[in-house]
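Novice: Before we start, here is the structure in question, set down as structure tokens.
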Amino acid sequence: LDRPKLLTRQIFHVMSGLLNKLSPARRVLKSDDLPLFYHDQKSVEGQRSQRDTARVSVSLAELLKSVEDERNDPSRALDVAVASNFWTSVPTYSVPSSSPFVLSFKDLTYSVKIKKKFNPLSCCGNSPSDGDDTEMNTKVLLNGISGEAREGEMMAVLGASGSGKSTLIDALANRIAKESLGGAITLNGEVLESRLHKVISAYVMQDDLLFPMLTVEETLMFSAEFRLPSSLSKKKKAARVQALIDQLGLRSAAKTVIGDEGHRGVSGGERRRVSIGIDIVHDPIILFLDEPTSGLDSTSAYMVVKVLQRVAQSGSIVIMSIHQPSYRILGLLDRLIFLSRGNTVYSGSPTDLPRFFSEYGHPIPENGNKTEFALDLIHELEDSPEGTKDLVEFHKQWRAKQTSSSQSRRNSINVSLKDAINASISKGKLFSGATNLKSSFQTFANPFWTEMVVIGKRSILNSRRQPELFGTRLGAVLITGIILATVFWKLDDSPRGIQERLGFFAFAMSTTFYTCAEAIPVFLQERYIFMRETAYNAYRRSSYVLAHTIISIPALLVLSATFAATTFWAVGLAGRSEGFLFFFLTILASFWAGSSFVTFLSGIVSHVIIGFTVVVAILAYFLLFSGFFIARDRIPIYWIWFHYLSLVKYPYEGVLQNEFQDPTRCFVRGIQMFDNSPLGKVPAAMKISLLKSMSGVLGINVTAETCVTTGIDILKQQGITDISKWNCLWVTVAWGFFFRILFYFTLLIGSKNKRH
């Protein structure tokens, strides 16, 4: 069949489903979302009974759009259909999946040790039991939690703050170290390996961690380039993104920037849907979400959960924590788990909730909100002396009856994990162009160099949208250079000129390092985005480090050229063009080492204010031990190690050698010997007479023009004799590479993003 006939046949199947199922429902198409269905509800159960109708209408809308695209651009129509998974997903809307996924968890237990607070009265004997301030208390966050989640369904974890909702989501999402978590988590009866878990699942954090200056479409496109393999063409990736924008109901905001406090952008609900979209662009089998409706109004929250329902209906397992769902949201959920201080007080379908509490002796009012009643009752029990112990025990007994009656049905539909994943991939899940588990089971979707290109492109685009950041740094360097040039204008070759040159070089080298402190907030702003993206292998940490290293070099070149050109000739430094080249390279190496050092510290320190404090303090120590304030041979032996660790030492010594290396250049002549002494103010004739007397005593003819101090003598006085100027340059460059490597290991060790 050609494509138009194939499209027609698909529409025929969808229309058949509509004729059979659509009669009790009203369809409402909204421009900012996919079709949302509002049914004549008398109960939550009535709303849930119409879900299949929604599935059919979504496919119909997309297929009708594909027919229109076929007339205009046949290749684009086919790409949209393939990228949206509609060719393979339409049949799954009308018949149950033959290979469903079942995520089961049994007896999950997790606890943390909390150090007891120090009791100052314990030393007085008033509280002998608390006398040991090192004693640890154990807090149980999960206590024997069991349940299951199925393909095509949404499971919500409910409870008050501190009940263990986020902890349970983290446990299921493999974000708790295995040695710390008790119990078992299986998918179709098989234990999930950590590597496979990352490939088939995605995790959406509670906070919307997005780049504020990227548009919605750009954000999703970069996510597609990270998570979809290079074997897929850019055209197909773009088609997948366009289909995802429609699925998320973001078409009207596609060209709008995300925004932040200083830039107007998308709404809170749209931002949350973008956060979901970047993690489902590769169509994962399991999707975890930590309170996706937090901070949203009721309409935005409903639209977000509606999007999640469509994700589940496409063949995924959706598990989320939610604080208190509205009546409409409850109608979209398939399974509920209520937690109270780490214990399960209810697990099952929302439809069974009234019967459960009725049998417990606390029936839900006929017109009351079920979840609100349940949460209020749980809260009251928690405040009672007995707590929720009776409710927990009642739930265990009630659940045992429910489990025994449905055990045979559950076992009959389970299939092996490998077969289920292969069947899911063949239907378009784990969007990778693969045909089976073996060909799609890769730790990373793209090769190393592709990741570097995408990371670099995204970073450059961000920088272009915020030119004020680089402009501020360039302005600071330019103003500093102008001030130094005017203060140290055309220094002469005199004893005072020597001291002024030493002061200029010390200030210039330290300035290059201090201006690098702006790199601290750069990574700190991206830290949690980086952790989210690398947690599920969007790209390698090494790709991130190298990409940001390479794209930082052009900016450093501009800053170095600006500072060198502003100061070198204005101050009157030696060496002409060759001297300027070395001075420029030394400034560049200083910027490189300084930015690498600050970048490394930003990987350790998690707060901007603390980061600035640490950087300023350490750079001050580097300047103190650089050799300007105190010569190397005068530094105490127990501090000499810091002199060799000082980043300022090597560029400072390098530019000094570049300035004073000419042995024929004289800086102090006979009559100038007295300039820095009390005799500097005596008449010139008296100085000449003193020189004659000194000549007689020393046996050396010292005249007014005799050269007493050359540049080599100055270097010896400063203790700069052990390393050449080029070696100083290479050592400075090597420091930069060393700190970049340390930054990589910091990310490798510090971004595991797992609880212990």
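Any Cβ shown, glycine's included, is placed from N, Cα and C.
Feature list, courtesy of TrEMBL:
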DOMAIN    103-366  domain 'ABC transporter'
TRANSMEM  470-491  transmembrane segment
TRANSMEM  503-524  transmembrane segment
TRANSMEM  545-574  transmembrane segment
TRANSMEM  580-601  transmembrane segment
TRANSMEM  608-631  transmembrane segment
TRANSMEM  729-750  transmembrane segment
Novice: Of the stretches 503-524, 545-574, 729-750, which racks up the most C-beta pairs under 8 Å with the transmembrane segment (608-631)?
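Specialist: Most contacts with the transmembrane segment (608-631): 503-524.
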Novice: Which one, 503-524, 545-574, 580-601, has the most C-beta pairs under 8 Å toward the transmembrane segment (470-491)?
Specialist: 545-574
Novice: Between 503-524, 545-574, 580-601, who has the most Cβ pairs under 8 Å to the transmembrane segment (729-750)?
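Specialist: Checked against 503-524, 545-574, 580-601; highest Cβ contact count belongs to 580-601.
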Novice: By a Cβ-Cβ criterion of under 8 Å, what residues six or more beyond either terminus of the transmembrane segment (545-574) are in contact with it?
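Specialist: Non-local partners: 451-453, 455-456, 459-460, 470, 473-474, 477-478, 480-482, 484-486, 488-492, 501, 504, 508, 511-512, 515, 580, 583-584, 587-588, 591-592, 595, 599, 658-660, 662, 665, 740, 743-744, 747.
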Novice: Near the transmembrane segment (503-524), which same-chain residues lie under 8 Å Cβ to Cβ, leaving out any that are not at least 6 residues past its ends?
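Specialist: Distant Cβ neighbours of the transmembrane segment (503-524) are 469, 472-473, 476-477, 480, 484, 488, 491, 530, 559, 563, 567, 571, 587, 590-591, 593-595, 597-599, 601-603, 605-608, 611-612, 615-616, 619, 622-623, 626, 628, 647-648, 651-652, 655-656, 659.
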